[in-house]
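These come from TrEMBL:
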DOMAIN    99-312  domain 'ABC transmembrane type-1'
TRANSMEM  101-126  transmembrane segment
TRANSMEM  138-163  transmembrane segment
TRANSMEM  189-210  transmembrane segment
TRANSMEM  247-269  transmembrane segment
TRANSMEM  298-319  transmembrane segment
Amino acid sequence: MSFFLRRLMFYVIALFFAATLNFILPRMMPGDPVTMMFANAMAHVSPEKIEAMKKLLGFVDGPLYQQYFSYLANIFTGNWGTSIKFYPLSVNELLGSAMGWSLFLTGTAIIISFCIGSTLGIFAAWRRGSNYDAFISPGMLVIQSVPSVVIAMLVMFIFAIGLEWFPTGNAYTPGTIPDWSSWDFYKDVAYHMVLPLVCATVTQIGGFLINMRNNMINLLNEDFITMAKAKGLSENRIVFNYAARNAMLPSVTALSMALGTAIGGQLIVEMIFNYPGLGTVLLNAIHARDYQVLQGQLLLMTLFMLFFNFMADLLIVFLDPRLRNGSR
């Protein structure tokens, strides 16, 4: 129990510092977001109206510490403010509408890449030094090193523009009214998701492959693997029941960290395919100096990362009896 309390206290402190940093960073950006909003609209507005809009959006003049405590109070009451760029839409509504798309795309890509990469890494480690290992490991690292923008543009050019097998962008057919009770709408969403999903997946396989391969190689020299071979156990049983099962523990941490970043979306992929996820929202917020949205999204990303890391701690303790016994 003491282990869980220590970890929980660590994440609470980390959340506090992250929230504080989240408050400071947007305010270090040059420019006034409200004034910029009117400037972009080419509107001539009196200073009185600009000040009134600042108060309406929560940019009240006062000492920084008052703004900070007001910011903390709003976080815990669920009042994350109003978007400047998409006024009068609230930050909660804006992030809520985009979060589902990012989690669906990025979360699916991470899980698929984890399964593929871990499987390829298991066989690369078991057959290390073979032609398979010499090809698959460097090959996937080369693909991972290619910028996402290059892969996305290449995939779009070949399969969307050249072959015309898939649409060039959007989450569903433009003009369609989302109907989550319609099977045809789900098929339309899946059809539009294919190319972004491929791009988001292939760029992450290499990391999971190398991670699993290294973990496996370290374990293959352990005494319990030698004992399993001496007992005459089958190769498949040794690989999956002994080596891969133990090598999976560090990979769980890597998976949890990747899932924690899923809430941030795939910025480049979402931009190129005009996908309505949080990556696109974040980019628009940066350009518009939309403090409210920036703070809300960065806080949301922090919460997800801390949550999945905490879940990884619990899962590793559950999977590893040594840690479980030591935590009592």
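Using the three backbone atoms N, Cα and C, a Cβ is placed for every residue, glycine included.
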Legend entry - Highest-contact recorded stretch vs the transmembrane segment (189-210), from 101-126, 138-163, 298-319, CB pairs under 8 Å: 101-126
Legend entry - For the transmembrane segment (138-163), sequence-distant contacts whose Cβ falls under 8 Å of one of its Cβ atoms, 6 or more beyond its ends: 117, 120, 195-196, 198-199, 202-207, 209-210, 266, 268-269, 272-273
